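What follows is a single structure, written as structure tokens, with notes after it.
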């Protein structure tokens, strides 16, 4: 063999080893996410649904739980996708020739983006509808009962749903873009249909993030205040603890003497209320034993960090709005060649990249808090060891929609300059200046409005309670007058 043949074989062998290495790394990463999600879901599932007398229902629920675990792992992977890419670029930029990070390259990052896109399509379009229909199916009438009969019914329902969605997407494509070539390309299921459908789902997720994130940013202050111990000026733990003890004693007497009340009592509800009060009392006792450093330093620092992160997010969005008006390069776009380690995507270098990663995670957490705080989705909030299987499926679908839209959301708001890889950059609406500009302006306006309203109302309420003005016989806005009996006391 000639030297050229040996060189070709060597290149092919090196390419084969690189692909195997990337495949192994992807499998290890996904396996880690899958195990974490499985542990998480087992803490919220309802044990009675998996230990029923009917083995068929238990088997169906176990299969549906595994599908939900897969979907939640994909959602978690979508959350880490953009931060992992930003950090990888900075690592390759700082250590370009380090032997121990040769596995970290643009091909691996690009492959991860493609895998997340593929699994997101698979989960949203096939796996989650299959899991829902599978848990609700009973088999066709006259067929033999069993898991296989439910599978047949679920597959038929899934085929009908696919045809229905395909027809709706075809009609929507014909209305939006009245072009014969675009309608003919719809018949190409893989190249056009799935990306177009996922583009619609991603746009829905981005709109959902637009609504939930400002609400979550405002709610983060109250949620953090419940988790941390406030200074004594802003909170009276002794009064809360005494109220909890008195309520628990009253409910306990009502349970022990049910005949003393002429109204019918729901004993199960009373027992749940007693357990909730006991849990609340234990938490209050732990907070009362908190140190002075934790009480006087932890809460102000946490509030300051939240205010700093929120203000920085709004500032970056405002700067992005100005750049959209001046420079066309600020528009979000796709990047087909993942050439990492060439240039930093932040003007502040590695420090700016870390700030970008922190802001992306902070906005994702805020969007989840806002999602479960909104009145429309509050009923989906999971409960510890008391979440039905259909509710778990709904939560996984919503979290996947939110997380898969996070890279597009972050790039559209200008939180990072890392361009979208793979099919994430092929969304048609990303090139529309008016949509991107109005989205940035709406986010900045809604976030500022929610923060001003919530922060001023919270500060006013805390100051009124701290100085005892709510007990005065004055018409204070937002606080009812204290009763005359309490005033005389």
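Cβ coordinates are placed from backbone N, Cα and C, and glycine is handled just like the others.
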Select from 266-283, 374-391, 392-409 the stretch of residues annotated by TrEMBL as transmembrane segment.
392-409
If you check TrEMBL, which stretch out of 24-42, 43-61 is marked transmembrane segment?
24-42
Looking at 196-218, 219-241, which one does TrEMBL call transmembrane segment?
196-218
When counting Cβ pairs under 8 Å to the transmembrane segment (392-409), the leader among 24-42, 63-87, 107-134, 196-218:
63-87
Can you name the far-off residues of the same chain, 6+ from the ends of the transmembrane segment (353-372), with a Cβ under 8 Å from a Cβ of it?
79, 82-83, 86-87, 89-90, 208-209, 211-220, 223, 309, 312-313, 316, 344-346, 378, 380-381, 398-399, 402-403, 406, 409-410, 415-416
Given the transmembrane segment (107-134), which of the listed stretches 24-42, 63-87, 196-218, 297-322, 429-452 has the most Cβ pairs that are under 8 Å apart from it?
63-87
Counting CB pairs under 8 Å, which listed stretch among 63-87, 196-218, 429-452 touches the transmembrane segment (297-322) the most?
429-452
